[in-house]
Amino acid sequence: MSTKNPSEMPRILVLHGPNLNLLGTREPQHYGADTLDAINARLVARAAASGVACDTFQSNAEYRLIERIHDARTDGTGFIVINPAAFTHTSVALRDALAAVDLPFVEVHLSNVYKREPFRHHSYFSDLAVGVICGLGARGYDHALEHALDTLTAS
């Protein structure tokens with residue numbers, strides 16, 4: 001565990017979009033049995049073990065996610081992991097917020113969106129993301145976090 005002052009640590013922001021607060025109970029055949037709290041606790045602990053702060057935030061409201069992305073410009077965030085959930089296919093505003101802050105990010109989806117309904121095949125974020133992880137369940141967040149840690153600790 002790092003002994004750095006948390007305000008001096010590099011920061012990763014993990015954003016969760018709409019309905020992800022229901023993880024563990026909502027359509028487990030698509031999204032798995034892990035709760036959002038369990039996922040967040042695992043990510044925060046893993047980041048801390050590498051001397052990196054990890055903030056997590058979930059909202060069902062698009063504007064709250066946008067405001068949190070805007071805050072990342074000035075709060076020391078160096079990397080974003082985002083699961084935009086249903087906003088993946090609809091939100092130009094979230095895309096514009098990510099483009100405006102100009103921070104590297106990985107897009108995560110619990111399910112394989114390409115094995116689901118055709119409307120889920122389009123993402124407004126993928127072309128801006130440094131990477132996209134889908135279909136690996138909650139472990140997709142772990143892989144995204146490892147990439148973020150590698151990126152932040154290499155610089």
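Each residue, glycine too, has its Cβ placed from N, Cα and C.
What Swiss-Prot says about this protein:
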SITE      ARG26  site 'Transition state stabilizer'
ACT_SITE  TYR31  active site, proton acceptor
BINDING   ASN83, HIS89, ASP96, LEU110, SER111, ARG120  substrate binding site
ACT_SITE  HIS109  active site, proton donor
Between ARG26 (site 'Transition state stabilizer') and ASN83 (substrate binding site): CA-CA distance (Å): 16
Count of other CB atoms lying within 10 Å of the CB belonging to SER111 (substrate binding site): 18
Secondary structure of HIS89 (substrate binding site) (DSSP, helix/strand/coil): helix
Proximal but sequence-remote residues of the same chain as ARG26 (site 'Transition state stabilizer') (Cβ under 8 Å, at least 6 apart): ASN19
Fewest other Cβ within 10 angstroms of its own Cβ, chosen from the recorded positions HIS89, HIS109: HIS89
Number of other Cβ atoms within 10 Å of the Cβ of ASN83 (substrate binding site) across all protein chains: 26
LEU110 (substrate binding site) CB neighbourhood, other CB atoms within 10 A: 24
Structural state of the residue listed as 'active site, proton donor', classified by DSSP into three states: strand
Cβ neighbour count within 10 Å of ASP96 (substrate binding site): 14
DSSP-derived class (H/G/I helix, E/B strand, else coil) of ARG26 (site 'Transition state stabilizer'): coil
